[in-house]
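Among the features that TrEMBL reports, domain 'Sensor histidine kinase NatK-like C-terminal' is placed at 327-432. Residues or ranges marked as transmembrane segment by TrEMBL: 6-23, 35-52, 58-76, 83-102, 122-143, 155-177, 189-207.
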Amino acid sequence: MELVMLGSNAFAHIVEALILWISMSQMYEPKYKQLFTGCSIFLGHIVMFAVFLTNNIYAITVINLLVYIFLIMLLYDVNKRTAVFWGVILIVMMALSELIMFFTARYIVGIKNAGKNTPADIIFMGCLCNIFYFLIVQALVFIRKRSVVFDRNDMSKILLIGSLTTSLIVFMTYYIIGTTWNLHRKESIWMMISSVGLVCSDILILWTNIRIDERNAENECIKIQLEQEKADAKYYRLENEKNESLEILRHDMNNHLNTMLAMQTDDDLREYITSIMEQYNIKKRTTFSKNNVLNGLISEYTEKCCTENIGFVVDIRPGTIDDIVATDIVALFGNILSNAYEAARNCAKSNGGKYIELIVKRKNETIFIKCINSCFIPPKIINGRYISVKKDTDKKHGYGMKSIQNIVGKYNGSHFEQFDEQENEFTISIMLMK
């Protein structure tokens, strides 16, 4: 009997560790990879289980609370107050679920000494408490993410709650049958196995639901970004067409003024003509390639870099990007330059200056793109991928890099990122195949 009790409590700690891992990952951004996060949570529950074996209720309560607060604060992107809040809430809900289940079994159903009679009784009560705790925590998660819960088009949340509620009813039915009927040993074993399997299947359903939510969120962000890229491509094309006549005028005026400079010997007039050329940016370069969309995009970042005193060097060889569609150009170069610009503008002059270098070459059917920029703040690495230093909201991290990866994959290419800590320099190299 003691061995069954020990195994039941060990299984309960495993389920509680999974619930903590899954629920916190639903609400907050993990600081580390999922494998490290999960292993850390299981290690914390091993400590809690060791303290549980002492049968000291005060030590168990204090250690459980401290371990949960420490794990949440260590593994997730939350402040201390939030970690304390969720640590207290989860421990309280864990205890409350056990009290409610034992109270229901003993005083409503009428089963005396519930959870202490037989091995089957112990296992059923453990599963009941775990499922009810699971249901309460998921309700709290959905309240925390109420904008998702009340989405009428999303039936997955309703089905998940329905599945957990049904499991709770099934466990209660099993428990009543197991304690009131005279079952054979074989029937009791099958009921225990099915109870444990039902708990595992509920956890698997929730995990699948989370993965689907993450995929839907990514697809929605990518869809919005694609629409933005289409709008940007149209804007850059219109801007380039609108400025084409001004480019011709600027070019002709530059020739006229240079001719006047060569003809006149009066120093005041020469100085006046030079000031006109500088004031109206007559020598300013606005054509970087044969692609109007890319010209408009680079022109925009040229102005931004000029405002922030960022050195911007562009070398795009002729005929390099003729086969890339406009939306892909905006997605690829827009995200590359956006990340480079945000990183460079945060650099101080004392750290080697602020600069961006963009080089695009082509050899046969292969396009080579390389962007080098000063980067004083080291980029984050989440799940093995570099994340820009830009401040995002609502956990929307890394979608710029994800968009770059999508374009690279579309053109059967590859990419490589590198951060040089000594030079404070970030480099992204891309190869596209056509």
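Glycine too: its Cβ is placed from the backbone N, Cα and C atoms.
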Range from 6-23, 35-52, 58-76 with the greatest count of C-beta pairs under 8 A to the transmembrane segment (122-143): 6-23
Long-range neighbours of the transmembrane segment (35-52), counting only residues six or more past its ends (CB under 8 A): 9-10, 13-14, 16-17, 20-21, 25, 59-60, 63-64, 67-68, 70-71, 74-75
Integer average pLDDT (0 to 100) for the domain 'Sensor histidine kinase NatK-like C-terminal' (327-432): 81
